[in-house]
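The annotation active site, nucleophile is assigned in TrEMBL to D32. Marked as active site, proton donor by TrEMBL: D34. The annotation Mg(2+) binding site is assigned in TrEMBL to D32, D34, D203. What TrEMBL lists as substrate binding site is D43, D123.
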Amino acid sequence: MKRCCEGVGLPCLFKGVGMASPRPPKYLLIFDFDETIINENSDDSIVRAAPGQVLPEHIRQTFRKGFYNEYMQHVLAYLGDQGVKMGDFKTVYENIPLSPGMPDLFQFLSKNHELFEIILISDANMFGIECNLRAAGFYSLFRKIFSNPSGFDKRGYFTLGPYHSHKCLDCPANMCKRKILTEYLAERAQEEVEFERVFYVGDGANDFCPSVSLTSADVAFPRKGYPMHRMTQEMEKQQPGAFQATVVPWESATEVARYLQELLKKKC
């Protein structure tokens, strides 16, 4: 099926994509998207498509903590009312810059693709993620992308839905990344694919939740100074040893690439 960001007709819906791997890889590498792969929050970025590049106060007041997905539905409805079309959103998403060093990390992973299974778990939306990664030339790196379903209705309005429901008290109502990761690992285990190590690259509070489930063999890469990093530091102070994974903070994704490169050298 063709994708909306390739300019096909309406309606269409995104919820997940997959590519088969020729052989079982050794490592699972999980990426967040907003402020991890890209250097912005893509939900904030699309305001650049709004008239005057600002939202009216009555739209901003619809925000409720823990219900950001619901808030973005209001934002997208407003943008649709203002005549913002698919092409306008596509242009914004395609021009969001990658985070420092991310192209270097992706080039490293491309050269070592047989060792890494790479997935993306994001509370953004499928359309925006696909547009950005295709424009950057790195979409094919990912075996699967988990994000909120999105598409365009008969009016040409950009629509967004919740990813799933869950019972986690620490995550937004529409997505618990720990649940997604746990289910993915169980699914791969049923397919007789198990990983020596799991690596998690993120920045936000919703990335902290799945990283707590990592084992002592695994590595969490929180972006330095962002909520995920601060939360790992707080847990270590309050409950020493409770956070089991090795923590490797990063400012540039080249630091992540260097760590993985050293790991591969030790294995050789």
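Glycine residues also receive a Cβ, built from the backbone N, Cα and C atoms like all the rest.
Unlike curated entries, TrEMBL annotations are predicted automatically.
Overlay of TrEMBL annotations on the structure.
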residue : record                    : Cβ within 10 Å
D32     : active site, nucleophile  : 27
D34     : active site, proton donor : 24
D43     : substrate binding site    : 19
D123    : substrate binding site    : 26
D203    : Mg(2+) binding site       : 25
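D34 (active site, proton donor) sits 8 Å from D43 (substrate binding site), counting Cα to Cα.
In terms of Cα distance, the binding-site residues that sit within 10 Å of the residue listed as 'active site, nucleophile' are D123, D203, chosen from D43, D123, D203.
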